[in-house]
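Participant: Attaching a single structure in structure tokens format; questions to follow.
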Amino acid sequence: MELSMTISLLLFLCFIFFICKLFLQKRNQCCYLVGYECYRAPDDMKLDTETCGKLVLRNKNLGLNEYKFLLQAMVNAGIGEETYGPRSVINGTEDTPKLSDSLSEIDDIVFGTLDKLFANTGVSPSEIDILVVTISMISSVPSLPARIINRYKMREDVKVFNLSGMGCSGSVIGVDLVHHLFRTYMNSFAVVVSSESLNPNWYCGKERSMMLPNILFRLGGCSLLLTNKSSMKRKALMKLKLSVRFHGGSSDEAYESCTRIEDSQGYCGFFLTKTLPKAAAKAVAMNLRVLVPKTLPLRELFRYAIASFLYSRNNHKGKAPTLNMKSGFQHFCVHPGGRAVIDGMGRSLGLNEYDLEPTRMALHRFGNTSAAGIWYVLSYMEAKKRLKKGDRVLMISLGAGFKCNNCVWEVMKDAMDDVNVWEDCINRYPMKFTANTKFLEKYSWIHESDPELSKKFEKIENRFES
């Protein structure tokens with residue numbers, strides 16, 4: 001009898017232990033965003049019409065045909081007058097970049113955002129357990145994470161991860177990595193730093209497909225503070241609900257759609273192929289195939305299944321059924337990679353102009369800031385007081401390889417209204433029209449020599465005036 005009671009008691013205690021272990025594991029798998037900071041460069045690094053014009057005209061490899069192409073691309077890119085460029089471009093030394101200038105550029109971004117992050121959150125650098133750095137297109141010895149550790153005198157046992165070449169998906173990949181690490185490292189703080197090194201990677205040749213990144217990419221970066229400490233739950237801005245990653249690099253077409261190469265003259269730059277939109281569309285579709293069943297409500301999945309069945313029974317006549325992504329998300333942080341990227345993502349996700357406004361305005365004000373871009377979008381939402389407790393935010397980013405990565409956040413508080421980098425300009429946004437007509441005014445002599453181009457620009461000017 002006593003033996004039976006003893007065995008029963010041991011089984012009961014084992015059951016309680018197992019339940020407690022599951023509870024603790026589940027609790028430590030949480031990933032909270034405590035704070036984030038985006039980088040805003042000094043005003044003397046702005047690439048306005050005057051500066052961009054000088055930059056183009058001093059490139060002796062370009063002629064009238066290249067001027068026409070660049071003018072049309074600049075006007076239609078959706079980028080405004082206040083984006084920031086690397087110091088070498090401002091100073092006119094983009095064809096002879098120096099390592100010291102490149103490291104100085106990264107130091108300004110990384111240390112500038114981290115200083116603010118630690119000050120605003122009240123977390124000391126000595127409390128950081130995990131450091132993830134996702135900065136592409138630059139390599140240094142000691143490494144970039146080592147520069148951070150030395151600057152802030154972080155602990156000797158900090159876990160360091162240096163991810164290079166991740167491109168525009170870098171910050172989401174960093175968040176996903178931290179989320180997985182939190183399953184092993186309990187009660188931890190993690191910092192994710194993301195940026196892109198533009199100083200040594202400005203293209204000085206004349207290949208059209210390689211000139212586009214010069215028009216789109218601009219200086220920027222961000223730093224994030226994440227934790228799985230339950231004591232920080234009330235201070236957290238958002239909670240990570242899910243992250244999904246897709247990598248289509250096994251396909252040669254996708255792999256070669258965006259690469260860094262040398263042109264026929266030996267100038268290095270990014271080569272964008274015509275298959276890039278196809279690779280991006282496939283990556284997004286494959287990613288959503290995993291994301292949608294886990295995030296959208298059953299009623300929406302059931303509605304879509306019935307509509308798809310009826311559509312197929314009707315021999316695919318009429319409009320194809322689409323998923324209502326807004327049934328699962330209230331906000332969308334789409335990667336501000338360019339106007340074409342934003343338009344394509346809007347169509348794929350079924351978004352309207354209100355949904356895409358933060359992304360378009362982030363592109364207009366700051367340009368394509370690579371991996372940090374989606375955080376400028378989130379900052380716009382916060383500055384406009386769009387975010388409410390319980391709202392779900394879908395962050396979706398694209399990157400060379402070809403990759404599509406996203407993460408789903410839940411807003412933890414109503415008081416998300418920090419204007420962050422939008423402090424000096426948020427009252428001017430949104431803008432109804434983002435075409436940069438100042439280029440037309442200043443460089444009208446370029447398109448006046450081409451009647452067809454003049455007609456296109458005349459339509460743009462008429463739209464702007466109306």
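From the backbone N, Cα and C atoms, a Cβ is placed for every residue, glycine too.
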Participant: Would you please say which range out of 160-182, 206-228, 275-297 has the annotation transmembrane segment in TrEMBL?
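Facilitator: Transmembrane segment, as annotated by TrEMBL, spans 160-182.
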Participant: Could you tell me the C-alpha distance between His331 (active site) and His247 (active site) in angstrom, no decimals?
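Facilitator: Just about 24 Å between their Cα atoms.
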Participant: Hey, how far is His364 (active site) from His335 (active site), Cα to Cα, in Å?
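Facilitator: Rounded to a whole number, the Cα-Cα distance is 13 Å.
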Participant: Where's the emptiest Cβ shell within 10 Å among the active-site residues His247, His364?
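Facilitator: The active-site residues His247, His364 were compared, and His247 has the fewest Cβ atoms within 10 Å.
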Participant: Active-site residues Cys168, His247, Asn368: which have a Cα within 10 Å of His335 (active site)?
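Facilitator: Those close enough are Cys168, Asn368.
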Participant: Around the Cβ of His331 (active site), how many other Cβ atoms lie within 10 Å? Please give the count over every shown protein chain.
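Facilitator: I get 20 for this one.
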